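K.L.:
When I checked TrEMBL for this same protein, it listed these features:
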COMPBIAS  7-21  compositional bias 'Polar residues'
COMPBIAS  297-306  compositional bias 'Low complexity'
DOMAIN    317-344  domain 'C3H1-type'
REGION    1-101  region 'Disordered'
REGION    297-319  region 'Disordered'
ZN_FING   317-344  zinc finger
Amino acid sequence: MAPLNPNAKTKNRPGSTTPKSSPAEKDQRRQACASYFGQIERARAAASPAPHDNTPEPDVGRTETLSGGAPQDATARQQGLISSRKRPRSPFDDAEGEELSSRQRINEALLPFREDCWQPILLAGLSDVERTLVLKENYLRDTAAIKRLILCHPRRPEIPDALWGDVIANRYIDLDKIFAALYSVDGDASERFRIGELDLVAHTPRSTRKISEHGDWTITWVIYQEAVTFLYPHRADELRDYYNFVTGLFRSLASGERSRAINYDRAVRSEVGRSNSKLLNESNNLSHMYTQHIHAAGASSSATSGQPHAPKRARNNRSAEACHRWNDGKCSRGTDCRYKHVCGKCSMHCVHLPR
């Protein structure tokens, strides 16, 4: 077919007012209209959440797929079109969702050691127990991030790195570990292994010195209190009252019994660390600990305290020689005498004994 010339003049038949279209031009117009209406239908189907195509299908029965696979009915083919418009869910979406649900964002306004973010007004009107729980919940949202911030802080207290996890969770802290670190020449050497979701930490052997005197306990307590108040500043009064009480126990006990005060401190802090409702300076909730470790009749007192003295046994290392004082009627040692109470002449109880 020759190309159309838009500048050429159209010849009309006599009596005709419009030009007559050729069959080729009619086919082009039909194809353009079909393409236009097809685009409209596709746009309408894409914008509709649940498209309903009322136009009859060429074959409402089962048809074969383009790839030559198993035939599909109209319903399955429609569901396939709907699902094809959705983006397939990636495995990274599931992992990201689990991470967001298991790890909440830390509230920086509840970080006392961040002076630029800390807002103590958020804890106003709460009791000391409630303040501890609010801060503890915020720290436990991401313990690793909190520990990283602490270790990078210029004024962090000098306790072993392995103990910061217990300080963050407000758990019991072994003062012997802090005391041993003060006299260790090996530093705070530790090696961390990660197996799946488990973190394993191997510590190198260090000094085994333990607290045995009041001075040792006091030196260690100052460092311990500084670490606790670094994360829980509202506990300063509680720790100071408890320190004064334990110091009074050291003063009131004899030098050989002061280990009871150390054991009492361990037991009290261990019980408070396991509880979310107790404080160290609440003596009414800890009176049983005083009876157990300090009182002479306590279950943890020494073996001889609070128990009747057993009768003394007679000495087994007596000399074979007769007691001269006993023969003279002057020995008052009884069974404790190291010499035999027999006759000095015949070594028997005989008539020679004084009456």
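Just so you know, glycine gets a Cβ as well, placed from its N, Cα and C.
Could you place these features in context, so I can see how deep they sit and what lies close by?
P.N.:
Averaged over the domain 'C3H1-type' (317-344), the predicted model has a pLDDT of 77.
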K.L.:
Would you list the DSSP helix, strand and coil counts for the residues of the domain 'C3H1-type' (317-344)?
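P.N.:
Secondary-structure composition of the domain 'C3H1-type' (317-344): 7 helix, 6 strand, 15 coil.
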